[in-house]
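As annotated by Swiss-Prot, substrate binding site applies to 186, 209, 230, 319, 320, 321, 350, 351, 362, 366, 373, with the evidence given as similarity to another entry. Look at Swiss-Prot and you will find 139-403, 181-332, 350-361 tagged as disulfide bond. Marked as N-linked glycosylation site by Swiss-Prot on the basis of experimental evidence: 146, 158. Residues annotated as topological domain 'Cytoplasmic' in Swiss-Prot: 1-9. Taken from Swiss-Prot, the feature topological domain 'Lumenal' applies to 27-403. What Swiss-Prot records for 10-26 is transmembrane segment.
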């Protein structure tokens, strides 16, 4: 009897123990499930995670905190800005270029011109290597480079020998002012550029010497507002008096004088004696505007190029290209210059209309072209991408600047 009662008590104890164990296991499973569901509630789906990782601004979660009022975890976060992808760099003209870029042949030519000093240059101004901001240099050019033409009141052009030959209308009243202007170089890199339409969309277009537009309109356009020519072309070009190329737009001829010579002294000894050809042209085309640039202007510009350049530059006048840029800066609010600074199409072919090869056409030999390009690159307000793709530099004109 006693043995039977003990057996029943033992069985009841086992039953209670098993029941307690089952209840504990069930409760633990419920807690685990609740925790799993809670974790899932705050888990970012993989698709959303990928979107967030690819966005410019990512949300980064830190340790969760408990709200004392409600037993709900609060996730604190802060924003992390992703690194901006760097802009692509373009290999374009370096505004700090020096003669170290020249090949041995051009370096020898430079030394020869320094020794020759044909124009008796004796520069006594500041520099070399004076640093200007873009704004200060623009003001410096405006205030010290006088773009003006020979007038009938200038001796000896006021004598009977010249009566009736010079244009009656003042140059500044004949041209401009314009908003957007284009200066189109004659560089071989303009070939296959497809820039013609863009160039023609400007209010005025300046071209140089005998650079044609016929058969090249797709690359260089067809509009010609001003044509700047050197005295060598006017004197030696046999077609000058007959070719219709030289009857379109306003013509300007320039001839270098001895360093800072006045008009009478220059007239006695011009670099090229173009005066008789000029008179012949005016007799044939009396209504064609044809101006003569005062000889002081190129040397006023040369002084500034030397002032800001780290090296001694050739003691020769600036190129027609640089003169044309300054002329248009006096007449226009904005000047777009094409292939003065070379693009990705850079070539040793000198002209888009001729097959003549020489690296001097890009780097300079007679003219201080390398340092002219340095100055234009410094003044450029466009992008390196524009230079690389289109050979296009954009400069502000002088008319609206405050100095």
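Each residue, glycine too, has its Cβ placed from N, Cα and C.
On the structure: features taken from Swiss-Prot.
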residue	record	CB count, 10 Å
139	disulfide bond	16
158	N-linked glycosylation site	13
181	disulfide bond	27
186	substrate binding site	21
230	substrate binding site	20
320	substrate binding site	20
361	disulfide bond	20
362	substrate binding site	22
373	substrate binding site	24
403	disulfide bond	10
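Secondary structure from DSSP puts residue 332 (disulfide bond) in a beta strand. Taking only the Cα positions, the spacing between residue 158 (N-linked glycosylation site) and residue 230 (substrate binding site) is 23 angstrom. Using a 10 Å Cβ-Cβ cutoff, residue 332 (disulfide bond) registers 27 neighbours. Counting only same-chain residues at least 6 apart in sequence, those with a Cβ under 8 Å from the Cβ of residue 350 (substrate binding site) are 186, 187, 188, 356, 357, 358, 361. Reduced to three states, the DSSP call for residue 373 (substrate binding site) is helix. Here residue 181 (disulfide bond) is compared against the binding-site residues 230, 320, 362, 373, and the shortest C-alpha distance is to 320. Looking only at the binding-site residues 320, 362, 373, the one with its C-alpha closest to residue 139 (disulfide bond) is 373. Within 10 Å of the Cβ of residue 146 (N-linked glycosylation site) there are 12 other Cβ atoms, across all protein chains.
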